[in-house]
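Report on one structure; see the data block that follows.
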């Protein structure tokens, strides 16, 4: 008996699976509230150099003081990072005659004055992360994604070694601890460290939720469960817009987006460990108890299976097995899958976060942009649900990423295409989680997800820094995102198709791996 046959007897998609998926969707809502928090946490309001008071200014209005103290751009707006070394009183008579002598212009000497009409405070206003320090402001997102990158490696291995549920609980607890420490930061260095550690912790949530849910459902409902879980990411996107709109102070905003993790920790106590993982690691008694629990809740009270029958299914009876990230590159087929999927993940994350962290670049209110970007993802996921079952995972993955890049490139000319590009980008992200989890066998699945997530977070780490290229050429960031997305999307055509294929626990039964040589199977110890 194979595990998929066993699922038919206990109910492959009943009340038990619905409740498991619902509970796992709770932490999924919380993820974008942290992953995209940089948009509001590090928002930079309009600002100008602080002007020290002088006796000569006593009879002047605020506007007149700015006029004689701050140089203006050709469009008439005051510059954010420069001031006159001496007041230019002649501008009171004719403000259109801006001084041509650049020697009287200097960088801000006394700090900055910020517009607090939209934000009470952000980390940019807290520590003056503007002008020459602008790079540190953008680096905050990079630090977070570096943490996510490290966490992908750590939790990818640990969840295969010690189980999905235990590591998911650990990552949630650590997320709460480090999230609250971030909110209490008293210096930029403390914030950078705690946000990095928060990224490490949340990486475990991102990495484990989908595979744990999919390992409890049958083949028929696997795509549905993946899309359903992904929809809650979009709900989190929209909730972030509303929470950020209501909470304008960065300390409390961090508290507001971290608190819901406590609910997830409590609810997760009910979710059982993956029976697939337990059987694959020889823990058949616990797997037996979990399967009976599933069968009873699904109304299959007559279901019986012996622990001996489960023991025969075990791929590796030794807890933890002997598999590592090196196993992902041990055979030619695995090397091709791992290298190509890594490139695809990089392109997906690089383009997705490149669009998601540029809310002010599309001509809309940033709260409205965040909400629209969240809501547009839901129909995109619905369309993807149909496409992956009609034309397959590979074609859907490749074209959604290529079209993302083309929309980003066209956005330079037609800004409204950003919304369409965001839809394609989310479609690519939705599919890549499902696709990758189907490419690897149970014994390597979390290692595979950990590796691809690691590569994706490299893309996420670099995406915010690309915005700094606008100092070279205003459209260079968009051109960069476009080129990377199109190239990486093309690589997806090299991956095998997994539509209607079993989750590969026994590789010889998987259609797309039927051509693996016998010596490769022996090397992987999976026959």
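Yeah, the Cβs are placed from backbone N, Cα and C, and that goes for glycine too.
Predicted automatically and left uncurated, TrEMBL annotations should be read as such.
Which of 72-91, 92-111, 112-131, 252-271 counts as transmembrane segment depends on TrEMBL, and there it is 252-271.
In TrEMBL, the transmembrane segment annotation falls on 337-355 of the listed ranges 337-355, 432-450, 451-469, 470-488. As stated in TrEMBL, the feature transmembrane segment covers range 367-387 out of the listed 367-387, 493-513. Contact between the transmembrane segment (367-387) and the transmembrane segment (224-246) is supported: at least 3 Cβ pairs lie under 8 Å, counting only residues 6 or more apart in sequence.
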